[in-house]
Amino acid sequence: MGGMSGLRRVYLARPRGFCAGVVMAIEAVERWAEALKEKGELVVYHEIVHNRVVVERLQAKGVHFVEDLAEVERLRRERRLADTVVFSAHGHPPAVRRQAAEMGLTVLDATCPLVTKVHTEAKRYAKEGYWILLIGDSADHQEIKGTYGEAPERTILVAVHTHVGKDPRLADPRTVEVPDPERVVVLTQTTLSVDDTLATIAILKKRFPKLVVPSRKDLCYATQNRQEAVKRIAPKVEAFLVLTSPHSSNGMRLLELAQSLVGRAYRLERPEELRPEWLEGVESLGITSAASTPEDLVQGVVDRLKAQNPGLEVVEEGAWETIAFREPKPLSPEEVLKGA
């Protein structure tokens with residue numbers, strides 16, 4: 001790699017990387033893959049978190065990832081599987097839970113508790129006769145699929161205002177229609193830009209004065225904290241590196257935020273993707289990472305920068321989070337059906 005001799009200081013954003021929901025989900029997969037290895041290999045429905053490195057490391061431990069539970073039958077013919085499936089951190093529609101139970105699978109539901117809270121609200125408001133406007137960035141995002149699946153007949157997908165037109169399945173907040181404007185509530189994907197979500201809610205509130213807006217706490221604390229950390233560092237740096245998968249919604253929002261504040265912001269997933277031209281003319285650099293990015297990848301980038309820039313000053317900026325979530329308990333097929 002070419003010289004990066006102009007770089008003098010790196011600011012590492014705190015918090016960055018794994019949030020409590022991701023830690024809980026990954027630890028659950030690792031622990032149960034080990035605990036069940038005598039019975040067979042573990043299956044996870046959907047990527048446990050949206051990070052290729054995490055998925056590859058778990059695959060190396062014999063964990064299988066499927067996008068359709070029907071794939072479990074095929075895998076059973078080829079491999080010795082444990083009769084257990086882990087649901088990823090993003091949440092899933094009731095139909096998937098029922099399917100797992102009907103297949104006789106024990107379920108470990110590693111859905112983030114903050115996502116579960118939004119699911120609970122969707123069910124409650126639908127039962128009370130409200131129309132739900134669900135703000136998201138893509139109808140294909142697993143979290144949107146899961147929340148929508150709780151009340152599909154009363155939910156309308158709405159694009160966060162910065163993504164209008166990018167996915168035709170998401171309505172424009174400025175023109176969206178609901179059958180009863182007197183009974184309408186807004187819910188949101190938890191990993192969006194805080195500022196963009198609040199701006200979208202403001203647009204909807206103008207359109208529907210009776211709009212019910214649940215607590216701002218529905219926006220994930222980790223998403224908010226990581227965005228605030230980028231805002232704090234931005235005035236001190238000339239460029240930003242964001243370690244994230246392109247499939248991580250919270251990571252891509254960090255990248256967009258850094259680009260809007262600094263102008264020069266670059267995405268990478270692994271240290272070896274670092275490119276010298278990104279840092280030409282840069283003396284101060286900010287680094288952050290998505291809530292599903294392992295910390296050793298960040299440190300790998302820092303090590304490369306130090307090797308290229310002797311005397312490089314590395315500043316940890318901000319505070320770490322202290323929140324932790326309890327690991328899920330296994331649910332029998334009967335217990336899953338009761339709650340589906």
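Every residue, even glycine, has its Cβ placed from backbone N, Cα and C.
What Swiss-Prot records for C19, C112, C220 is [4Fe-4S] cluster binding site. Non-local contacts of C19 ([4Fe-4S] cluster binding site) by the CB criterion (under 8 A, 6+ apart in sequence, same chain) comprise C220, A222, A291, E321, I323.
According to DSSP, N250 (dimethylallyl diphosphate binding site) is assigned to a helical segment. Annotated dimethylallyl diphosphate binding site per Swiss-Prot: H50, H90, H141, S248, S249, N250, S292, in sequence order, evidence recorded as sequence analysis.
Shown in sequence order, H50, D137, S138, H141, E143, Q189, T191, L192 are the residues of the chain, 6+ apart in sequence, with a C-beta less than 8 angstroms from the C-beta of S249 (dimethylallyl diphosphate binding site). The annotation isopentenyl diphosphate binding site is assigned in Swiss-Prot to H50, H90, H141, S248, S249, N250, S292.
Cβ-based neighbour count (10 Å, all protein chains) for S248 (dimethylallyl diphosphate binding site) stands at 25. The (2E)-4-hydroxy-3-methylbut-2-enyl diphosphate binding site annotation in Swiss-Prot covers H50, H90, H141, T190, S248, S249, N250, S292.
Look at E143 (active site, proton donor): DSSP puts it in a helix. Residues annotated as active site, proton donor in Swiss-Prot: E143.
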Dimethylallyl diphosphate site shell beyond H50, H90, H141, S248, S249, N250, S292, criterion: Cβ within 8 Å of Cβ centroid: V49, Q142, E143, T191, S245, H247, G251, A290, A291
Position of peak Cβ density within 10 Å, selected from the binding-site residues T190, N250, S292: S292
Other CB atoms within 10 A, centred on H141 (dimethylallyl diphosphate binding site): 19
Number of other Cβ atoms within 10 Å of the Cβ of C220 ([4Fe-4S] cluster binding site) across all protein chains: 25
Length of the line joining the Cα atoms of S248 (dimethylallyl diphosphate binding site) and C112 ([4Fe-4S] cluster binding site), in Å: 15
